[in-house]
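Report on one structure; see the data block that follows.
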Amino acid sequence: MTIIDSRDITGLEGEVRLSEASARDFFALLKPRVMSLVVFTAFAGLVLAPGTINPVLGFIAILCIAVGAGASGALNMWYDADIDAVMTRTATRPIPAGRIEPSEALAFGLVLSVFSVSILGLTVNWFSAGLLAFTIFFYAVVYTMWLKRSTPQNIVIGGAAGAFPPMVGWACVTGGVSLDSIVLFLIIFLWTPAHFWALALFKMRDYGSVGVPMLPNVSGERVTKHQIALYAVLTAITAVIPAFTGLASLYYGLFAGALGIYLVLCSIAVWRMADGDEKMLPAKKLFAYSILYLFAVFSALLVDHYVVTLATLFGGTA
Ligand code: HEM
Ligand SMILES: CC(C)=CCC/C(C)=C/CC/C(C)=C/COP(=O)(O)OP(=O)(O)O
């Protein structure tokens with residue numbers, strides 16, 4: 001018997017397309033583009049941590065963090081399906097578009113969460129697994145179900161979820177937390193407001209249409225622009241700290257400083273933008289640069305780490 005639904009109007013060919021689309025849709029539930037940078041910061045935490053980890057275990061650890069991050073994205077999309085259906089940016093996501101049932105997304109998110117945490121605990125260590133579980137809980141429950149719809153400080157507090165991954169990576173190697181891993185946490189924690197409020201400024205109407213209390217909608221553009229500049233300065237300063245704690249060299253510090261100065265300049269351009277500006281070009285530029293910035297800072301930490309390690313080896317054998 002042929003099942004007729006809106007996606008199956010061309011017989012067998014339609015059915016084949018349906019199953020292909022389903023795999024893509026389940027993949028989309030993992031928020032792969034956002035989570036790729038999250039996983040990269042976790043990888044950096046794992047590499048920068050003192051000590052070593054068996055490469056196979058390191059690979060399993062990163063896979064578990066990627067799956068756990070994706071699972072939290074699926075749970076976020078399950079809970080937010082009602083507002084995602086209304087906002088133009090999110091209306092075509094698999095659940096609001098009707099391509100995945102909410103119950104399927106919930107089951108998918110829960111199974112992947114349990115799977116990723118258990119495998120990480122059984123193969124690597126239970127401290128990192130506990131931290132991964134806490135991170136998933138923080139994003140899916142604390143941010144998505146509670147803060148997002150109740151306070152304009154939602155992403156400041158909720159942003160902690162996005163900042164934990166390097167600490168999870170670090171804990172995979174050391175089994176604990178250290179000052180250096182807290183600095184990595186702080187860089188992302190302080191970066192999140194400039195990253196997200198830039199987007200919230202040019203997507204104000206979307207958030208207003210669903211009543212989500214994002215800062216620009218609640219306190220207005222001016223306050224948001226001041227807050228963005230404040231957090232950009234704090235981020236730029238914090239990102240230089242690894243050069244002083246010994247986690248990275250002074251060359252890293254100079255590079256991170258230059259990246260930070262440009263972040264602050266972009267945020268000042270947003271500050272100077274007239275309220276009510278329709279095009280919001282400086283905000284769009286800041287959002288795009290914020291992503292490049294975080295990627296560049298964590299890449300610089302990795303490159304610096306390898307260069308210093310090689311230099312030490314070379315110096316040691318010379
Ligand atoms: C509470 C914290 C955060 C909030 C509210 C937030 C919000 C957003 C939103 C709404 C988008 C647009 C996504 C889309 O339309 O698909 C976005 C894009 C993005 N975010 Fe964030 N973000 C947060 C934290 C992070 C973190 C921690 C990272 C990485 C470490 C990150 C990396 C990215 C990337 C790479 C994109 C671009 C995705 C693309 O090109 O489609 N975000 N963010
Ligand atoms: C290891 C692990 C569990 C990592 C999780 C990392 C994490 C919390 C990333 C946050 C990414 C993100 C897109 C937040 C926006 O949610 P939103 O609901 O405000 O955005 P939306 O409107 O696009 O859905």
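Just so it is clear, glycine is given a Cβ too, placed from its N, Cα and C backbone atoms.
Bear in mind that TrEMBL entries carry predicted annotations, made automatically and left uncurated.
If you look up TrEMBL, you'll see 34-53 (among others) marked as transmembrane segment.
Per TrEMBL, transmembrane segment is recorded for 59-79 (among others).
The annotation transmembrane segment is assigned in TrEMBL to 100-120 (among others). Tertiary neighbourhood of the transmembrane segment (100-120): same-chain residues 22, 25-26, 29, 60-61, 64-65, 67-68, 70-75, 77-78, 81, 94, 128-129, 132-133, 136, 140, 172, selected by CB-CB distance under 8 Å and a gap of 6+ residues from either end.
According to TrEMBL, the transmembrane segment annotation covers 126-147 (among others).
The list of residues near the transmembrane segment (154-176) in space but at least 6 beyond its ends in sequence, with Cβ under 8 angstroms from a Cβ of it, reads 38-39, 41-53, 57-58, 61-62, 65, 69, 72, 120, 124-125, 127-128, 131-132, 134-135, 138-139, 142-144, 147-148, 182, 184-189, 192-193, 196-197, 213-214, 298. Summarising the annotation, TrEMBL assigns transmembrane segment to 154-176 (among others).
Sequence annotations record features per position, and here TrEMBL assigns transmembrane segment to 182-202 (among others). Counting residues 6+ beyond its ends, the transmembrane segment (182-202) has Cβ neighbours under 8 Å at 41, 44-45, 48, 155-156, 159-160, 162-167, 170, 214-217, 221, 224-225, 227-228, 231-232, 234-235, 238-239, 241-242, 245, 247, 263, 267, 270, 280, 283-284, 286-287, 290-291, 293-294, 297 in the same chain.
Remote same-chain partners of the transmembrane segment (228-245), defined as residues 6 or more beyond its termini with a Cβ less than 8 Å from a stretch Cβ, comprise 179-180, 183-184, 186-187, 190-194, 197-198, 252-254, 256-257, 259-261, 263-264, 266-268, 270-271, 286, 297, 301. Sequence annotations record features per position, and here TrEMBL assigns transmembrane segment to 228-245 (among others).
Sequence annotations record features per position, and here TrEMBL assigns transmembrane segment to 251-274 (among others). If one looks beyond the transmembrane segment (251-274) by at least 6 residues along the same chain, the residues whose Cβ comes under 8 Å of a Cβ in the stretch are 194, 198, 201, 225-226, 228-229, 232-233, 235-237, 239-240, 242-244, 280-283, 285-286, 289-290, 293, 296-297, 300-301, 304.
The feature transmembrane segment is assigned by TrEMBL to 286-308 (among others).
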Result, the transmembrane segment (34-53) in contact with the transmembrane segment (59-79) (3+ CB pairs under 8 Å): yes
